[in-house]
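Quick look at what TrEMBL annotates:
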type: COMPBIAS; residues: 194-211; note: compositional bias 'Low complexity'
type: COMPBIAS; residues: 263-275; note: compositional bias 'Basic and acidic residues'
type: COMPBIAS; residues: 298-310; note: compositional bias 'Acidic residues'
type: DOMAIN; residues: 32-114; note: domain 'Cyclin-like'
type: REGION; residues: 192-211; note: region 'Disordered'
type: REGION; residues: 257-310; note: region 'Disordered'
Amino acid sequence: MPLRRTRQPGSSSSVSFLNADEELLLVKLYAGKVSQLCGHFRFPEEVEATAVTYLKRFYLKNTVMDWHPKNVMLTALFLATKTTNHPIALEHYASHIPRTAPSDVLDLEFLVAQSLGFDFAVWHAHRALWGIWLDIQTLPDIDMNELRKAYDVALTHVRASRLTDVELIYTPSQIALACLSLASPGLASAWARSKSGSPESSPSSPSSTPSPEILVLELLEPIKSMILIQGSPPDVEAVREVDRRLKLCKNPEKIVGSNAYNKKREAQERKAAEKRARKAAQVRQAMADGDPFGSELAEQDMVDDDDDDD
């Protein structure tokens, strides 16, 4: 007679794990908190945009059930201050954030950098928007007051886009033009027409083939929809409920002080000690054989010598 499996308290079968949408809620909440911290420290917009990008790219490869977004966000922001050439002292940074020690930031820095593939340079939509703004000033019959107002509104849409996934799908210039189109469709159309080289369309001269300008503007529609629909902070109560559940389904190997964490730490330390012991034994054997550099280096030297002779 087969044994019946019972659901034991605390087993994985009794845990309600987070789904992708719930994880996204948490990441989105802490992406918004980057802006608050940057305002507190008076970091430039480049730092804010870079930190948000790092946070989102980190969770393309990781899960909030392993690494809580709060800790990753603090590390991503500190890393962004360095990669954008606006460094801040670690002690000063941590001292201005409640319940945060310097180790809380540094412990995850290598993991975040590794998850980014050590690719730290980011080209942002707000810089592309600035370029488009300069371009439009060279067009004839441009009202500078209207252009300034449109730029300010477009910049708010760019900032809202950081709470969405558009930067993982579209180029910065496409996002910037979509934000300008949301602020002023006429100016966006004029800029696109100037770049496509097509004359201004006339009602008396219909054409069956869409102009390059029309094709470009049609491409912007999905971007505009994502920004308008997803570019707002999540409901705090919904996130609070997800965060409560996260405490029950968090990977125990990542919780400092848990049995699983201690066991994994002991295994890592044991493995590291065995590796050091093997290296020490190899060095002792090499010294006993009269070869302080080890046989592998000696063989490599012979190969290098042969290459030199060639």
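Positions of Cβ are set from backbone N, Cα and C atoms, glycine also.
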(message) Please list the DSSP helix, strand and coil residue counts for the domain 'Cyclin-like' (32-114).
(response) 56 helix, 0 strand, 27 coil
(request) Find the average pLDDT over the domain 'Cyclin-like' (32-114) in the predicted model and report it. (result) 91
